[in-house]
Amino acid sequence: MTSPSTIKQRFLSKPNQLGVVAVGFNGGQCKLGVEAAPMALVEAGLLDQLRDDLDYEIHYDNTVHYYEKEIPAEDPDHRGMKKPRAVSAVTETLSSQVYEHSKEGKFTLTLGGDHSIAIGSISGIAKATRERLGREIGVIWVDAHADINIPEMSPSGNIHGMPMAFLTRLATEEKKDIFGWLQEEHKVNLRKLVYIGLRDVDRGEKKLLREHGIKAFSMHDVDRHGIGRVVEMALAHIGNDTPIHLSFDVDALDPQWAPSTGTPVRGGLTLREGDFICECVHETGNLISMDLVEVNPSLEAVGASDTIRTGCSLVRSALGDTLL
């Protein structure tokens, strides 16, 4: 039996209230199944655990959003991007949904879906935080991949490898129906972005990370310094006066712990290292929102329940669950 967090939340006016958006969207990549993750997480008892064990008042519309009405019949490639209009329309709608929760000072949890949905969740959080607090957000992106491909650089054309490029405005697009809706108010400052867990980074992304001085901790850094020191350095980079959004892709974890994901990469974080990152970010009192993405229950029949359990554990840890 756990109990509610005693950490004072610095940037949430309603810290015991949790706004949840369930996003059943797979259009940022090519594998079916990731759209089933929000329902699987809810059915595994995630929201019940947050309510019963951690005492959150949950604001959830009991709906997994598949956004069928937003998805156009015709969606030809643009600048090499696959399904650009679908991803743009879905993330624009999601941005508004997340904004509505966040502007009230609630913690906002977005359950994906593939990682392209972060274009929606993070833009909504950034806008709400600028309006509510007059501050920029910091983003901690825990992932095997940097997801900062500019469309023309992307080897695959899958938009789940591009969200950070659009959110930081390294990639821009004039067309209203292809991310032209993203404005300055939605932007993430490159100096307030930190990566943890990287180990499969495209050549063009490495160049961008270096050129822009983006703070990134690869698995090499985790091996060298230990996860404790890495998290300490990541948080120091963002600073203690910044509201934090945590975007957690389960493929940051080694496939041993999260096998059911679309792009697994060996040599990743352990389950405890993943939970530890979430625990430490919670302990700052600065965490205002989180995404959990890329759980794909249709891959690896045996591994699906393990991966769902892992996802639940990460979210609980970020929301104040402790071992003792």
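For all residues, glycine too, the Cβ spot is worked out from N, Cα and C.
Predicted, not measured: the structure shown is a model, and the values here were computed from it.
Swiss-Prot names D143, D147, D249 for binding Mn(2+) 1. Of H115, H220, H225, the residue it gives for the same site is H115. When Swiss-Prot records H145, A146, D147, I148, N149, S156, G157, N158, T263, E294 as binding substrate, the matching candidate from D202, D221, D223, D321 it lists for that site is D202.
For the substrate site listed in the record, the two most distant Cα atoms among H145, A146, D147, I148, N149, S156, G157, N158, D202, T263, E294 lie 19 Å apart.
Here the Cα atom of H145 (Mn(2+) 2 binding site) is found 12 Å from that of E294 (substrate binding site). Annotation for D147 (Mn(2+) 1 binding site): same-chain Cβ neighbours under 8 Å, separated by at least 6 residues, are H115, A118, W141, H160, G161, M162, P163, M164, A165, D249. In three-state terms derived from DSSP, D249 (Mn(2+) 1 binding site) belongs to an extended strand segment.
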